[in-house]
Amino acid sequence: MYTPRPQKMTFWLFFLAIITQRLSLIPGTNPVPIALMIYVAAALLLYARKGVVIRRGLLLSVLSMVCVLIATSIFTGRDFSPNSLMYLLVLYLPFSFVTSEGAVRHPTSADGYRWFSTMMCVFAVVALYQYGSQAFLHIPYSDPLSSLPKGFTMSNYEVSYPIQYGSEIYKSNAYVFLEPSFLSQFLALALLIEIMMFRRITAIVLQILALATTFSGTGLLFIAITLPFAIIANLHNRRVAMLAGLAAIAIVAAVASNPAVLKRSGELNEQGSSASIRFSTPYERMGDLAFESASSILVGYGAGNADRIKVDDRIANFPAIPKAIIEYGVIGGIPLLLLIAVRIFMGVGSLPIAVGLFCMQFFLSGALLQPISVFTLFYFFAMQPSGSLRPVTSTARHVGLAAS
């Protein structure tokens with residue numbers, strides 16, 4: 001089968017960004033992640049190789065949005081982070097790129113999706129080794145990047161930590177992912193793709209087993225949200241529906257047999273817990289700050305200030321929605337979120353996969369300014385087999401996806 005060279009190049013750069021996502025290029029108070037540089041290089045090379053074209057409407061939308069965000073930040077009268085605005089521009093400007101008509105000669109090709117799932121099988125093997133070496137070989141966990149100077153690794157991430165308090169076994173992050181929760185989300189996305197499109201039993205088993213070693217609820221949430229869409233989209237295909245059901249049963253069984261995961265189900269209201277930091281505290285903080293005054297509702301507190309404003313001692317990891325609303329208010333935040341959401345649902349040809357990417361970007365992590373998360377969206381945009389933007393369909397066959 002013919003494989004478009006620009007798409008293959010994008011995959012290898014994406015893979016390189018995955019394995020370097022914990023590294024920063026320039027140490028200091030404003031570190032530059034290596035993944036960001038690779039993402040920018042991928043976008044520029046894809047454009048130079050005529051793998052994508054710039055859609056003027058999207059370009060104007062992104063530039064106009066950044067102008068609005070600059071205006072709201074200035075209007076707050078507070079100190080704000082110009083670096084945050086520049087970061088946002090660099091991350092989302094490539095969203096104006098769409099796959100060129102000449103870049104894909106076989107519109108039914110789903111190579112990019114197969115590459116992603118296969119890549120995650122490799123990381124699944126690494127994750128299984130990481131867990132198995134501790135649980136069965138009794139080899140103490142050791143972070144291979146711990147010997148690097150702190151300035152050259154990304155901070156503010158829980159790279160890995162014990163599966164429960166007092167345990168000597170650490171959660172799997174395949175050594176290279178920022179956190180176990182990131183690995184779990186990527187594995188869940190690969191599992192969804194595998195069930196819907198390729199149905200390779202070995203890959204499905206590997207991904208489910210590796211997902212269990214992360215002991216992370218975000219991957220399970222991803223599956224819980226997207227599998228119903230996958231089943232509904234494939235009611236005509238009994239094999240897909242059956243595989244989705246079996247995968248759900250296997251995951252539920254793995255969770256039910258794991259006390260460490262079951263124990264986390266009550267963490268949402270537990271102050272300082274991972275679930276509270278990710279799913280509860282950020283939205284409570286948004287309610288406290290956004291409705292403090294008319295000004296805070298309309299224009300927010302300025303770029304970069306969601307993490308700077310201290311309301312109480314609780315730690316919060318801000319997903320896209322509370323971060324955008326706190327920093328840019330409803331005038332800037334809501335249009336920004338809508339732009340990203342529309343680009344996802346118009347840029348990915350399968351509804352279940354689009355729903356999954358939407359959840360990853362908006363709810364499951366602090367992904368608004370996360371290079372690897374945004375690069376993941378761009379990767380799937382670049383793998384679409386058509387240059388036109390069309391609404392997603394509810395079907396996805398193993399030989400290809402609907403045009404984006």
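Even glycines carry a Cβ here, placed using N, Cα and C.
No curator has checked TrEMBL annotations; they are predicted automatically.
Annotated features in TrEMBL:
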TRANSMEM  32-48  transmembrane segment
TRANSMEM  57-78  transmembrane segment
TRANSMEM  84-103  transmembrane segment
TRANSMEM  115-132  transmembrane segment
TRANSMEM  174-193  transmembrane segment
TRANSMEM  205-233  transmembrane segment
TRANSMEM  239-261  transmembrane segment
TRANSMEM  324-345  transmembrane segment
TRANSMEM  351-381  transmembrane segment
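Tertiary proximity for the transmembrane segment (324-345) is limited to same-chain residues at least six positions away from its ends with a CB under 8 Å from its CB atoms, namely 58, 61-62, 65, 68-69, 71-73, 80, 84, 92, 95, 285-286, 289-290, 295-306, 309, 318, 354, 357-358, 361-362, 368, 377, 381, 391-392. Between the transmembrane segment (115-132) and the transmembrane segment (174-193) there are at least 3 Cβ pairs closer than 8 Å, counting only pairs 6 or more residues apart in sequence, which means the two stretches are in contact. Within its own chain, the transmembrane segment (174-193) has Cβ neighbours under 8 Å at 18-22, 113, 116-117, 119-121, 123-124, 126-127, 130, 143-145, 154, 157-160, 203-204, 207-208, 210-211, 214-220, 222-223, 226-227, 230, 247, 274, 278, 352-353, 356-357, 360, 364-365, 372, 376, counting only residues six or more beyond its boundaries. Within its own chain, the transmembrane segment (84-103) is flanked in space by residues 4, 6-7, 36, 39-40, 43, 46-47, 50-56, 58-59, 61-63, 65-66, 69-70, 73, 303-304, 327, 339-340, 343, 347, 368-369, 371, 374, 377-378, 381-389, 404, which lie at least six positions past its ends and keep a Cβ under 8 Å from the stretch. Within its own chain, the transmembrane segment (57-78) has Cβ neighbours under 8 Å at 85, 88-89, 92-93, 95-98, 295, 298-303, 305, 327-329, 331-332, 335-336, 339, 343, counting only residues six or more beyond its boundaries.
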